[in-house]
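Novice: Take a look at this one; I'll ask things after.
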Amino acid sequence: MSSAMRKTTNSPVVRRLTAAAVALGSCLALAGPAGSAGAAPADPVPTVFFGDSYTANFGIAPVTNQDSERGWCFQAKENYPAVATRSLADKGITLDVQADVSCGGALIHHFWEKQELPFGAGELPPQQDALKQDTQLTVGSLGGNTLGFNRILKQCSDELRKPSLLPGDPVDGDEPAAKCGEFFGTGDGKQWLDDQFERVGAELEELLDRIGYFAPDAKRVLVGYPRLVPEDTTKCLTAAPGQTQLPFADIPQDALPVLDQIQKRLNDAMKKAAADGGADFVDLYAGTGANTACDGADRGIGGLLEDSQLELLGTKIPWYAHPNDKGRDIQAKQVADKIEEILNR
């Protein structure tokens, strides 16, 4: 892989080469011997998982590579890629996992650029470096950090603006958190969001192009994000069993529908990118409306300031609205179902 290919975004050459590779693969498939339709592959399927903290399943302990720089990815040993892989094996579908390079904090461009780890812990190579010519399946989520969802949450919460909580800055620290719904709905935040979504769309296109170039035979599966805020936001006015904080802490209730609209827009952008790029999409948003952060005992999302399973220097780290064990299992089932569907085509 050349450094130019790693670092150039929106590269037309990647798209042209991808199209050529796909066309060649189609011709070879047509010329090859007929196989049995709908049969799962007999051989292990070389697979690469990629993504951010929602693929790594930040918040679930223990984490992998705890004693190395990759420990700062907070990738759970039992993340949804691991659980989905086992579930498929129980059905006779074996994934040969070449790598799981999912890492908390990853932006879309970290697929082709190095990722700086927090606290000066080092840097990781581009996630695309895990791809091989024989990779047959790629699965993962990227987009939330590029959109700046942590900054959006900070814009809406005085608690999250405290220095010890959630890295990053609010979109506009001069605007009060209490008015964040107005800020994103009709204020300066509206244009900021439009610009962010334009970037997300372009970079998701680049991501899928790159997978097609570096792993030309790979099925590409883009996984959306589970729904955080329910349709009925009055549920968010009650703390979950055993909790004292509300699921979204001090975020105003009138801002919660705005946050949900932003997440729905991200989901739609990811779905469109997958469709336009000829990839498959796992619509977790559509399938998790009964398991949001505000669904009490049924919640699949840990509350914003609810203690997760992780500790840092003896202090519990909050979930920051990431999937808990239940949510991880929902992710794993829907991803495994999609992989089974794809491999049985």
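Including glycine, each Cβ sits where the backbone N, Cα and C put it.
Pulled these from Swiss-Prot:
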- 1-39: signal peptide (SIGNAL)
- Cys73-Cys103: disulfide bond (DISULFID)
- Cys156-Cys180: disulfide bond (DISULFID)
- Cys236-Cys294: disulfide bond (DISULFID)
Novice: Under 8 Å Cβ-Cβ from Cys103 (disulfide bond), six or more apart in the same chain: what's there?
Specialist: Gly51, Asp52, Ser53, Ala56, Arg70, Cys73, Gln75, His110, Gln115, Leu124, Gln127
Novice: Can you check which residues sit near Cys156 (disulfide bond), meaning Cβ under 8 Å from its Cβ, same chain, 6 or more apart in sequence, and list them in order?
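Specialist: Once residues fewer than 6 apart are set aside, Cys156 (disulfide bond) is near Ala177, Cys180, Gly181, Ile251, Pro252, Ala255, Leu259.
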Novice: Restricting to the chain of Cys294 (disulfide bond) and a gap of 6 or more, list residues whose Cβ falls under 8 Å of its Cβ, or answer none.
Specialist: Val229, Pro230, Thr233, Lys235, Cys236, Thr238, Pro247, Phe248
Novice: What's the number of neighbouring CB atoms sitting within 10 A of the CB on Cys180 (disulfide bond)?
Specialist: 27
Novice: If you count CB neighbours within 10 Å, which one among the disulfide-bonded residues Cys73, Cys236 has the smallest count?
Specialist: Cys236
